[in-house]
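As given in TrEMBL:
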| type | residues | note |
| --- | --- | --- |
| ACT_SITE | His279 | active site |
| TRANSMEM | 15-34 | transmembrane segment |
| TRANSMEM | 138-161 | transmembrane segment |
| TRANSMEM | 181-207 | transmembrane segment |
| TRANSMEM | 266-284 | transmembrane segment |
Amino acid sequence: MDWPFINDWTWTAQVYITLHTLALLMKMHSYAFYNGHLSETQRRLRALDNPSTASRESAYRYPTTVTGPYNDTGSEEREKEDVGTLREDLAMELISPLGRATYPQNLTAWNFCDYLLCPTLCYELEYPRTEKIQWTELIAKTLAVFGCIFLLTITSEEFILPVMIDSAARLEHVESLSETALILAESISLLLFPFMITFLLVFLVIFEYVLGAFAEITCFADRHFYSDWWNSTDWLEFSREWNIPVHHFFRRHVYGASRRHLSRPMATLITFLISAIAHELVMACITKKVRGFGLVAQMMQLPIVLVQRTKWVKGKKVFNVSMLSKRHGASEILKLAIAECVFLDLYDTRSLDGEFHAPVNSRLP
């Protein structure tokens, strides 16, 4: 991941390669660990040919990606089963839910390459598929990607970068805390609407058009890449619904793996921490600095969720994510948080790249 920094790539190229690297790492992790689980399941199934020495612990069901209450047993000892039932459970674990793929017949180069192109981060023996590629839909989504990128470029160049460059120049000449606070408030107010537009465009590019295009290419039938996150009533619900592929990965491979050995609060904390570190890495590509503002802001979601679920706040419009209205509250708070994190990162070194470069037409006090 340090290659783009060494070669001084633009921040857009750095974010692109970083996101793709993270996605490939998650895909490979899921592929390796799930097939490792299937290999152990097959070993236990073969060991039942000699029942006297075989383990009688119940078959371990690998965590699914189905959204809903997580049904786990923590570190409790699993019940013993009779040989016939155990053999049936182990055999069913080696067969896909649709019944057309089995382990180890799935271990082929074609299967792995197909999985890399599928718009999912969680490996399965088999995915639901459509009958054929809808070429008009694929062409429309491809054109929409370039259209949104054009709008993103215009928004960033015309409404975000000028404000931040101007603020960097003004911060070099402040003499009091009140002046700094005034610049902070003014800059954030100017960045709120552009950041909201940027967030929505990025969301559309990734979850509606890019993932939709790859779903068409691979005939991937499960198009549930996001849910109605704009109606979320707390941050935990928002984190589940705005990015369902990543949520499924963390639920299955981070929370699910941690929950076998740790308590539910600790597993949740580890899940949020790993997610926050990944988001901070992306922010570091944009700002070329690691300051931890985004990490702290994301980890603050956990205590905020605890407050939001108290009887004084839960179901209320005031002081909740549903502030102003359930439809707009999440985006209002989200864009404010993003603007504050980026501006604080800017203020930390008074510039966008770690060194001060005063613009020609900057407004100085």
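One-based numbering along the chain as shown.
Cβ coordinates are placed from backbone N, Cα and C, and glycine is handled just like the others.
Predicted automatically and left uncurated, TrEMBL annotations should be read as such.
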Query raised in the report: Mind checking which residues reach the transmembrane segment (266-284)? Cβ under 8 Å, same chain, six or more beyond either end.
Result: 1, 15, 18-19, 22, 239, 246, 250-251, 254-255, 258-259, 290, 292-295, 298-299, 301-302, 341-342, 345
Query raised in the report: Far apart in sequence but close in space: which same-chain residues, 6 or more away, have a Cβ under 8 Å from His279 (active site)?
Result: Gly294, Leu295, Gln298
Report summary line: Outside the transmembrane segment (15-34), at least 6 residues beyond either end, the same-chain residues with a Cβ under 8 Å of its Cβ set are 1, 3-4, 9, 62, 112, 115-116, 121-124, 246, 249, 252-253, 257, 278, 281-282, 285-286
**Report entry** DSSP-derived class (H/G/I helix, E/B strand, else coil) of the residue listed as 'active site'
**Finding:** helix
